[in-house]
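Visitor: First, the structure itself, so that you have it in front of you.
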Amino acid sequence: MDVEDAPLLFQTNWGGEEDEGEGEEEEQDAVTPATRQGCFCGEAGDAGLWRAVGWVYTQPWASGVVLGVVVSVPCALFAYMLLYCPPLDIDLSYSAFEVHSHFSAERFDALSIAVKSQLGSWDRRRRDLGDSESGAPRELLLERLSGRGAFDRADDEAVRPSAPRKDPLEAGDDGERGASESRDVETEHHRSSGDENWTIPLIRRRRLAPNYYLQSQALWRIELVFVARGEGDRNIFTPERLQTIHHVEHLLMQHPQFHQFCWKPLEMLRDLPLGPSYCSPPSSLLSYLYPSERGGKIYYDGMGPDLADIQGSLSLAITHPQFYWYVDEGVSPEHLSSSLLRSEIHFGAPLPSYFSVQDRAHEQRSRFKNFVVQYADILAKQSTSQVKVLFGGTELFDDEVRRTFHNDMMLAVISGACITVLVYVLTSFSVFLTFFGLASIGLSCLMALFLYHVAFGVRYLGILNGVAAFVIIGIGVDDVFVFISTFRQASHLRQPQQRMIYTIKTAGRATFLTSFTTAAAYAANTFSQIPAVHDFGLFMALIVSCCWLWVSALMPAALCIWSDCVEPQEHAWWNRWKLFWGLSASPGPLSDEDEDVALLSVEMEPGSCDAEDDAAILSLSVETLRPPPGQQQVGVVSRNLRWALKHLVAEPSVLRRKTVLGVFLLVLLLSAGFCCLLRPATHAPLLFRRDTNLQTLLALRSNLSGQGISCPMCSGVFMEKPHALSTHASSSTFKFSTHQQTESAATVSSSVTPKSSGNQTGALLTVFISKLDLGASTTLYRFSLNTSTPSPWTRCSTEHEQVSSFQAYNQPHGNYTTRMTVCVSHAYHPHPSWMITSTACEPRHGWNAEFSFYTASSLQQHSRRLCFAQRRLRPHPSRVCVHPPGCGISSGPDGPTRGTFYIPLPSDLSSAAKTKSSKTFGFNPCSGDACGHPAVRPLVDTGAMVFVVFGILGVNRTENRENHVIGDMGSIILDPDFDIFQEMELLCKICKAISANTQLVKPGGAQCLPSGNKLSSVLPLLHPECHSLPEPNLLPGQLSHGAVGVRGGKVRWLSMAFESTTYKGKSSFQTYSDFLQWENFIQEQLASLPRSSALKRGFQTCEHWKQIFMEIIGVESALWSLLLSLVICVAAVSVFTAHPLLLLSVLITILGVICLVVAVMYWLGWEMGAVEAISLSILVGSSVDYCLHLVEGYLLAAEAISATPGHNSEPGPERQRRTLEAVNHVGVAIVSSAITTVISTVPLFFCVIVPFAKFGQIVAINTTVSIFFTLTVTVAMLACVAPARFSRPPGAVLRASLAVAAAAALGAALCWVGGQLGAFGWRSIST
C-alpha cells in the first residue's frame, strides 16, 4: 500500500450517523475522497449550526469569550448560593443513614416526640412534671379512687394551674435542657416572668451572689474508658494499670484552665484536700483506690498519692450499687476483675461572669467547647502497652468526628496534586491543557453544588458526598482525555473548522454515552430509602452530568487557544530546554513532528483467515502519513502508550480471542461461586478504623451503660463520709494485700548495711556498675556488690542512659520473683567480662556465677524499669541502661540475655525522704470485716431498652416532606379512645406477662410505670392487679425509662420500658431475630385483649431496632439499586449501540467485572454490610465507561475502513480490523482515565472513615478489573461476534429506542399485574 493511497483514520461520514437528513455536501478543501464525502452532511440548517460552532471554536478571541462565560457562570451561581441561600449543612451523624419512613423509625420517633414535648428532653435526666400538668390528673385520679366519677368533667373544668400553660403537643420540642437545673433558678425564672419589678434586684443579687453558686450544676462531661490490654490477664485492677489511670485523671485536672470550668458542688466543701478550688474530682472508682489523708481522716476523693489495698478498696466500693456503673458486666463479688474501667469528669455551670445556666447559654457552651477540645491531643497520647485510654463526651466526640472528616478530606488535596502531575504527563507536558482540564472538573463541582442545594432544595451534605471529591476526578479526566485524544487524532483534517467539528461531534457523543450511563447508574440510588444514600446518588448524578457539560463546552475552546497560541510557545520552550541540557532539538513530547497517528493497515494473507478460523495470521503494518511542515501532532507519551496497547494487548487478544474468552468464562464461573459465599455481616457496621478512639468507643457501647445514664455522684467522695484513720486500724497495723506489702522499712535498713541483712528475707542489695573503655567502640561493664572500684575501671555516670547502681532483692519478695544472675568469664584477656542473664550461667563457655538478685517482670508500685543486653561480639559484655531496649549494643527479640526488669526505687536516705509512702499506702478499709455485704447488681442499660407504648397511634409528617433525620420530626397522633382508668387492669397484666418472659427481659428489667413524678404513687392504686407489679432494679436515684403523657388534665399515653436480653454488639442480621421475637410476643399479648380495648393498638419500639433496619434496608436497597442501574445501563447501551451483539459484549464485560469485584471482596475477608452494599451500588456506573468507549470506537472504525480501497470484505478479518482500530482510537484515553481514577482513589485507602476507605478500595479494584476486561474480554468479544459491517444508521437507533420503550412498558405491566394478583391472593387467603 502506497502512502498516497492510505486511508485517513476515522474520516467520518456524518450522513450515516446523524438522525437528521441524508443529503451530502462536498467540501472544497478536502484532500481525499473520504473527506470529500464531507463532515457537514445533513440538512442545510444543521450544517449551518455546526459551521457556526466550528467557527466559534476556531477563533481564539471567540474561544476566549467562551472560556470566560463557562468559568464565570458556575462561580457566580456558587457565590449567589453562599451569599443569599441558607447555609449548606454537613451531616456527619450516624443517624443520617436511618430510614426515616420505616415503621421502626416512625414508632420510635413518635415516642421520642411525645416524651420531648411532655418532659422537655429525651434523656434519663429529665424534669419532673410540673404542677401545671401533673396536679390536675393526680386530683382526678384521687377523685376516681374515691368513687366520685370526676373523670366525666370536661377538660376546661380541670383545676387551673398556677401559671399559664402551653399545650406541649402544640408547642413541640422545647429543646434539651441541662441535666440538673437548680431550684432557685427555676424559682427566680417564675418570679421574673410574673413580676417585672423583680428583675432588677434579681440581677443585682446575682452580681453580689457568693462564688459558691458558680459552676455548681453539672452540665458537661468528659467520658473516659480505660481498657486493659497487653499480654497476660486483661484485668484493669493491677497496680501498673491503676497507676496509669491515676496519672491520666490527675493530668486532666492539672490543666491551667480546669478550675474555670470544673464542677463545684457544695458537697466538695467538706473534702479538705480538694481546697482551695474545691473542684469535683473525677467520678471514678479510683476515689476508693487512691484516698487522701488530712488531719487524721481518710477522704475517698482519688487525690491520694499512693495506691491503697486493691482488694479491700473494691470490697468497700462494691457495697454500693453504683459500683457496677464503672465496670463491665463480668464483675461480681466473687470475681473482682474487669476488662475496663469507666470514669467521668464533670464540668459545671454557670461559668464565671454568667448569672445562671440560661444566661447566654450558647456562649457558655461555646467557651466550654473551646476549652475541652484541648484535651483531645492530650488524651490521645496517654495510652500505654497495658492500658488503652478512650475518651468521649458530646463536645469531644463531635469535635473528633469533624476533625477526622476534615483530615480525610485533606487527602483529596494530595489526590488532586498527584492527578495534576499525572494529567500533565499524559497530556504530553502541556501546562495549559492540564490547567483547563482540571478546571473544567472543578467548575462542574461548583455547578453541581448549586443545583443540589438551590434547584433541588437539599439542605444537607452527607458524609458519603465527600467521596465525590475523589471519584469525580477519575470520571472528569476520562472526558478530558477523550477530547484531547480525538483532537490530536484529527490532525489529518487540514481545515481547523473541520477538525474542531469532528472533535466536538466524536468526543462529545462518546463522552455523552458514558456520562449518561454513569449518571443514570448513580441516579438509581435516589430510589433508596436511606437519606444519605439518596442524597449521594442525586449529588453524583448531578456532578457527572455537569462534568460532561462543562468539559464539552470548555475543552474545545481550550484546545483552540492551545493549538493556535500556546502550543508553539510550549514547543519552543521544550526545544530551549533540550538545548540547555545539550540534547538534540528533535521534536519533543509536545509536538511529535516525527510521527502522526499510527494508521493500521491490516493485511490478511490469502487463505490464512476467515470468519471461523481461530488461527488467523494478522500482518499489521504501520503506515505513517507525514504531516506538512509545522503540523504538530500527538505527544510522545501518548504515542508510546498507543504502541504498547497495540503490540502487547490488542494484537494478542485478537489472535488468541477464543483462549481469552475461555479463561474469562472460567473466571466468571469461579467468581460467581465465591460471590455466593459472601455472607452477611456478623458485627455492627464500622464507621471508623478499628484501632481509633472513635470506633473503639462506639464498639464498647454494647458493654457499657446506656448513654442516657450519667453518674456524677456515684464516686466515693459522695458515697463515703470522711472517716478517722484510727477507726480503720483497730489492729496494730493495716492489712495489706499480697502484692502490695510495703518495702519501706526493709529499704531503709538495707541501704545502710546491705550485706549485713543478706540473710534476712526480702532484704535489698545494691549492685554497683563500673566500665572500662577498650577503644574500637568496645566497652566492658563490671557488676559488683562492693562499692570500691578497682583501677582502671571507672564508675558509670548517669549520662547517656547509663546506670551507676541499682537495688534489688536477694530473695524472692512479693512480685519480685524473677531471678537474674551475674556471670563472669576470665576467658577473655587481659580483662574479665561480666554478663547478666535470666537463666543459669554456662560453665562450658567459661561463664561462672558471681551473684544473683531478684526483680519483677512487670511494673510494680514504686518500681523502676531497667533494660539489659549482651553484646554479640567478643568479649560479649552485658550492659544495663534506662532505655532503649537493647541498650544500643544489641538488637532482636528479648531473651535470657536481653530484655527488661523492674527494681524497687532507690532507698538511700535522701531519696527515701522524697519517696516516703503516705499513710494511705496499702490502706485496707475492709480490715477486720469492716465493710458490709456486696450490693445487688442493678440494671444499667447494657441491653437494648424496649418500650411498649399505648395511647399513641403514630407520627404525622405531612408538613415535613424531607426524608431526613435533621429536619422536623413531625407531631404525634394520639388515640382518642385511650382511657387509663378502664385499661389499668389490662396494662398491669401485660406488664407482668412481658416481665415473666426471661428470654426477652432481664431479671429486674421491667419498668411498668413511670417514676419521678406525682402520678407514680397513684397509678398502682387504680386496680388490685397493679399492687404486685415487678420492681425494677435501678441505680439509686435513677428514674424509670417509662413515661406518661398528660394533656389537658388527662393521661393521654403511657409507655412501659423493659431492658431486654438483646446484646447491642451483634450484627443487624443477627439482631433481627430478636426483633421478631419481641414483635410476635407483643402481638400475641395484644391479640388476647378484648376487642373493645384501645390497648390493641399498642406497639413495641426500640432505638436499636432503628439501627438494625437501617443496615438491613441499606443492604437491600443497595442491591436493588445495583440491579436497577444495570437495567438502566442495558437500556442506554441498547439505544446507543443499536445492535444486540454489541450490547452483548458490553453486558458480558459488566457482569464479569461485578462478579470478580465481589469475589475479591470475599477473598479480602469482607462481609456484606451496609458500607459494602452502598459501595457496590456504583459498580455498574464505574464499569460501563471503558467498554462502551471501545464499542463506540468500533462503530467509528467502520467509516475509516470502509473508505480503504481494496480492503478485505470478509466478516472475520473485518471484525478484527475494526477492533484493532477501536483500540488504537480510544485505548490511550481509557487507559489514561483508568490510571488517574485509580491514583485518585489511592488516598482514600488511608482514610480513617471506613466508608471512605472501602469506597476507595472498591472503586480502585473495580477500575482495574474494568480496564483489564475491556482491553482483553471486550476486544476478544468484538473480534468474535461483533457485526462486521454495521455502522449504526439512524433507523437502527430509532428501532432500538422503540424496542427499549416496549420492553420497559411490558416490564411495568407485568409488575402491575403481579402486584394485583398478589394483593388478590392475599385477600382471598385472609378471608
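Cβ atoms are placed via backbone N, Cα and C, with glycine included.
All annotation found in TrEMBL is predicted automatically rather than curated by experts.
The following feature annotations were taken from TrEMBL:
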- 12-33: region 'Disordered' (REGION)
- 16-29: compositional bias 'Acidic residues' (COMPBIAS)
- 61-83: transmembrane segment (TRANSMEM)
- 153-194: region 'Disordered' (REGION)
- 409-426: transmembrane segment (TRANSMEM)
- 433-454: transmembrane segment (TRANSMEM)
- 456-561: domain 'SSD' (DOMAIN)
- 460-485: transmembrane segment (TRANSMEM)
- 506-524: transmembrane segment (TRANSMEM)
- 536-562: transmembrane segment (TRANSMEM)
- 660-681: transmembrane segment (TRANSMEM)
- 1118-1136: transmembrane segment (TRANSMEM)
- 1141-1164: transmembrane segment (TRANSMEM)
- 1226-1252: transmembrane segment (TRANSMEM)
- 1258-1281: transmembrane segment (TRANSMEM)
- 1293-1315: transmembrane segment (TRANSMEM)
Visitor: Answer with yes or no whether the transmembrane segment (1258-1281) touches the transmembrane segment (1226-1252) by the criterion of at least three Cβ pairs under 8 A, sequence separation 6 or more.
Guide: yes
Visitor: Given the transmembrane segment (1258-1281), which of the listed stretches 433-454, 660-681, 1141-1164, 1293-1315 has the most Cβ pairs that are under 8 Å apart from it?
Guide: 1141-1164
Visitor: With a cut-off of 8 Å between Cβ atoms, can you find at least three pairs linking the transmembrane segment (61-83) to the transmembrane segment (433-454)? Only pairs 6 or more residues apart in sequence count.
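Guide: Contact between the transmembrane segment (433-454) and the transmembrane segment (61-83): present, because at least 3 Cβ pairs are under 8 Å.
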Visitor: Please check if the transmembrane segment (1118-1136) comes into contact with the transmembrane segment (660-681), where contact means 3 or more CB pairs closer than 8 Å and the residues in each pair are separated by 6 or more positions.
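Guide: Checked: the transmembrane segment (1118-1136) vs the transmembrane segment (660-681), no contact.
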Visitor: Suppose you look only at the domain 'SSD' (456-561); what would the mean pLDDT be?
Guide: 83
Visitor: With Cβ-Cβ distances below 8 Å as the criterion, list the same-chain residues six or more beyond the ends of the transmembrane segment (409-426) that contact it, or say none.
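Guide: Sequence-remote neighbours of the transmembrane segment (409-426) are 434, 437-438, 466, 469-470, 473, 477, 480-481, 637-638, 1232, 1235-1236, 1239-1244, 1246-1247.
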Visitor: Between the transmembrane segment (1293-1315) and the transmembrane segment (1141-1164), are there three or more CB pairs that fall under 8 A, provided the residues in each pair are separated by 6 or more in sequence?
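Guide: Output no: the transmembrane segment (1141-1164) is apart from the transmembrane segment (1293-1315).
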Visitor: Count the residues of the domain 'SSD' (456-561) that DSSP assigns to helix (H, G, I), to strand (E, B) and to coil, and report the three numbers in that order.
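Guide: The counts are 92 helix, 3 strand, 11 coil.
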